[in-house]
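Listed in TrEMBL:
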type	residues	note
BINDING	D41, D86, D217	Mg(2+) 3 binding site
BINDING	D41, T56, D86	Mg(2+) 4 binding site
BINDING	D58, D86	Mg(2+) 2 binding site
BINDING	D58, D133	Mg(2+) 1 binding site
BINDING	H65, D269, W316	substrate binding site
BINDING	G132, D133, R157, S219	ATP binding site
BINDING	D220	Mg(2+) 5 binding site
DOMAIN	39-149	domain 'PurM-like N-terminal'
Amino acid sequence: MTSASSSDNPLDEFSLIRRYFHHQPHHAGQGDSVSMGPGDDAAILIPPPGQQLVMTQDTSLEGRHFPADMAAADVGYRCLAVNLSDLAAMGACPLWFLLSLTLPEVDEDWLAGFSHGMFELADAAGIALVGGDITRGPLAVSIQATGAVPAGQALRRSGARAGERICLGGVTGAGLHGLHLWQQGRRDGPAIDHFRRPQPQLELGQSLRKRASACIDISDGVLADLNHVLDASGGLGAQLDEAALPLDAAILSDCDHQEQRRLQLQGGDDYVLLFTLATDEPIPAGCHVIGHIEEAPGIRLKTMAGEIRSLSAKGWQHF
Ligand SMILES: Nc1ncnc2c1ncn2[C@@H]1O[C@H](COP(=O)(O)OP(=O)(O)O)[C@@H](O)[C@H]1O
Ligand SMILES: Cc1ncc(C[n+]2csc(CCOP(=O)(O)OP(=O)(O)O)c2C)c(N)n1
Ligand SMILES: [Mg+2]
């Protein structure tokens, strides 16, 4: 957020909520499960019969998760996208979300842009905003999203087994590279687009139910998030094949080989799915096999030269 409100009489909290956050869902059926949305002490929701609810929450802070000079519409889109990516990783269909917004001031241009970007993705994904909270302070966006899966079919981090293939739902490295370019003053191009507007892989996640043995979305980098799967699956290990790592050469063309590898494996901000598949499962279209699960703990890389090197599961860490 870069500019202050020019209004002499800023909107009060309730008018602001009515103006920017009472949104009529565009999607057929979106909102049908909402008995009471924003406006009462809490939302009243109708869980889909026979389904389990899946809940997640991620907070995005200015300067930590998105740059202070990012357009408000992109901030709105991105903050919802990172939460939808967690629903995708569980194989869930999005239903409802709560928005907790901390604003330094009432800037109506910013709010109009933010809500526009957020609802653009909400409508595309079929998720309804059902409530939230607004307070004053340094800009922070916290979203709690709920989805549903048929009972017993949610994807977990914990089901990987030795011998299974490790797959990626898309290329990695573009997100953090986009941030680096942003920090160098660039404002357009495919890597920047990837960083500004990550595309949660909801359809892929849903298609992996009853097929993938484990799944996670990559927010902290391939190695760090693969390591969560290995830990959750009982302390297994993995071997990755350097030659098989998907690389969008156009996106990472301005990086040397070592930087490309670092971004691909440790970048973060990717929001593609990483999942494990038994050897008889077909590989979904657009996905890449990057290695396999092994009994021996730790992550190893088979290099282009055929050497096996140990890798540390380093990735993004807040502390
Ligand atoms: N403050 C918290 N209280 C309880 N559980 C938490 C808290 N923060 C994170 N978790 C849980 O820890 C797990 C890992 O969180 P996180 O690393 O944020 O995952 P993700 O990358 O999927 O967002 C999740 O199951 C999340 O719900
Ligand atoms: C301004 C800015 N600096 C740095 C980053 C890089 N970054 C910040 S948090 C993060 C990891 C993901 O965020 P986190 O809060 O750990 O989300 P979660 O893993 O819980 O989904 C990355 C790669 C960024 N996105 N924006
Ligand atoms: Mg999280």
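Using N, Cα and C of the backbone, Cβ positions are placed for all residues, glycine too.
Cβ environment of D86 (Mg(2+) 3 binding site): T56, D58, A145, D217 lie under 8 Å away, each six or more residues apart in the same chain.
Taking Cβ-Cβ distances under 8 Å and a sequence gap of 6 or more within the same chain, the neighbours of W316 (substrate binding site) are S219, D220, G221, A224, Q266, G268, D269. Ranking the binding-site residues D41, H65, R157 by the distance of their Cα atoms from the Cα of D133 (Mg(2+) 1 binding site) places D41 first. D58 are the binding-site residues among D58, G132, W316 whose C-beta comes within less than 6 Å of an atom of ligand 3, given in sequence order. Classification of D86 (Mg(2+) 3 binding site) by DSSP places it within a helix.
Among the binding-site residues listed (D58, D86, S219, D269, W316), D58, D86, S219 have a CB atom closer than 6 Å to some atom of ligand 1, in sequence order. Between the CA atoms of H65 (substrate binding site) and G132 (ATP binding site) there is a gap of 20 Å, rounded to the nearest whole number. Annotated substrate site H65, D269, W316; additional same-chain residues within 8 Å of its Cβ mean position, judged by their own Cβ, are G175, L176, L179, S219, D220, G268. Using a 10 Å Cβ-Cβ cutoff, R157 (ATP binding site) registers 20 neighbours. Using a 10 Å radius centred on the Cβ of the residue listed as 'Mg(2+) 5 binding site' and all shown protein chains, the other Cβ atoms total 22. A Cα-Cα distance of 10 Å separates D41 (Mg(2+) 3 binding site) from G132 (ATP binding site).
Among the binding-site residues D41, D58, R157, D217, S219, D269, the residues whose Cβ lies under 6 Å from any atom of ligand 2 are, in sequence order, D58, S219, D269.
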